[in-house]
Amino acid sequence: MDIRAAEISAILKDQIKNFGQEAEVSEVGQVLSVGDGIARVYGLDNVQAGEMVEFPGGIRGMALNLEADNVGVVIFGSDRDIKEGDTVKRTGAIVDVPVGPELLGRVVDALGNPIDGKGPINAKQRARVDVKAPGIIPRKSVHEPMSTGLKAIDALIPVGRGQRELVIGDRQTGKTAIILDTILNQKAIHDNGPEGDKLYCVYVAIGQKRSTVAQFVKVLEERGALQYSIIVAATASDAAPMQYLAPFAGCTMGEYFRDSGKHALIGYDDLSKQAVAYRQMSLLLRRPPGREAYPGDVFYLHSRLLERAAKLNDDNGAGSLTALPVIETQGNDVSAFIPTNVISITDGQIFLETDLFYQGIRPAVNVGLSVSRVGSSAQIKAMKQVAGSIKGELAQYREMAAFAQFGSDLDAATQRLLNRGARLTELLKQPQFSPLKTEEQVAVIFAGVNGFLDKLPVADVGKFEQGLLSYMRSEGKAVLDTIRTEKAISDDTKAKLKAAIDSFAKSFA
């Protein structure tokens, strides 16, 4: 082998010339004590609140308590490999997550790392998880419908784009099913609707079983809805800081769409578990407990999260982020601490009841206790025209039904009211995974409030509805198209709709 001295000396001179003198300076501290997912660290004098710090082995944490002599750090992950005396390094960055369309169709953890085994996510942007909500000036009042595909909700408790509508109820009452159906209902718009109408969906699973989350993802995948959805999962086996962070991470991912003039929907399932995780962190950080041992700022925890859902005005891109937070109650107790907090923050609630669920009324929405504080401004005119009377009729029906239990001799008007109410209640039932388009809901409810169901036995209402829908999709397609494009029922359309339902009703008998 031929070694040339001149060549070697040239290489060495080049290496020496390019040798950098600047040392890499990073501020470090020492772990004083560690346990229960909390580390006390000495020496990080300039650390910021909410800053990400790094432990040996790549484990990350977030500085939450900045005290006189040490820093309380919550650890994202297991604290098993961290020991006293370990070096902790500042990263200089407040906790952030990747955002953008690259996340669609993926399942990520609270820090935005993929957990679905489909390879890395090459997101071009990152954003902080905890940012300030839009102020009053950039907002606009909610005026576009956010269709859930569920008759009971779209007709009676309409949700608009940019609204925060709480889904509240005991365990096993169908809270997650409402969010799932709402996500599935967006598929038709994503397949062949205009870009401006598309609704991108984020689903945050907090403290749930992994099997439940896997099932949710499987349903979305099978029905082609995962392509426009992001799943953020902090399951029951994840550390409390991850469960605390997941809703904020999901919200940031949804805000990307809101701020780029698009529409997004986020479901937090559920915020009771986030509050429990936050309580655990706060108590371990020795913050003083308040009511039900929750820290004093648990209201602020949820208010700053839910205030980020907003409808922006045209100068700011006219985007929106709609939130569907879920709260699980114990024994229908809506007056507990966390439920009352979230009810007071949101723009209405969908109240689900165990009794209704077991009576076979599903979705088990208690129409009397559920409200939407945005109301009919979140409905198209056609829906307002047909659903206006159904609310009053159902309210009267509930009132009468309570008295009718005691009296046997009822006058004809009361009997008529009870019959109509029973059929309307039956009409609002809907099987899971079968969301309806708005114009189809309008046709079905129109049949209900115009007396087409009154002669039918209650048991046949569901069959009539299914038959009517398939008839309208084939024979009455023109009427449905008119309702969809005009978004209102003119006298002409009304006559055509009546005729179509009439001709079906004759063949049904």
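Residue positions begin at 1 at the first shown residue.
Quick reminder: no glycine exception, Cβ is built from N, Cα and C everywhere.
According to Swiss-Prot, the ATP binding site annotation covers Gly169, Asp170, Arg171, Gln172, Thr173, Gly174, Lys175, Thr176. Other C-beta atoms found within 10 angstroms of the C-beta of Gln172 (ATP binding site) number 13, with every protein chain shown included. Taken residue by residue with DSSP, Gln172 (ATP binding site) is part of neither helix nor strand, so it is coil.
Per Swiss-Prot, the feature site 'Required for activity' maps to Ser370; the stated evidence is sequence analysis. When secondary structure is read from DSSP and collapsed to three states, Ser370 (site 'Required for activity') falls in the coil class. Residue environment of Ser370 (site 'Required for activity') contains 21 other Cβ atoms, counted within 10 Å of its Cβ in all protein chains.
With the fewest other C-beta atoms within 10 Å around its C-beta, Thr176 stands out among the binding-site residues Thr173, Thr176. Sparsest Cβ environment among the binding-site residues Arg171, Lys175 (other Cβ atoms counted within 10 Å): Arg171. Looking at Arg171 (ATP binding site) and Ser370 (site 'Required for activity'), their Cα atoms lie 17 Å from each other.
When the binding-site residues Gly169, Asp170, Thr173 are compared by Cα distance to Ser370 (site 'Required for activity'), the shortest distance belongs to Gly169. Neighbour density around each Cβ, counted as other Cβ atoms within 10 Å, peaks among the binding-site residues Gly169, Gly174 at Gly169.
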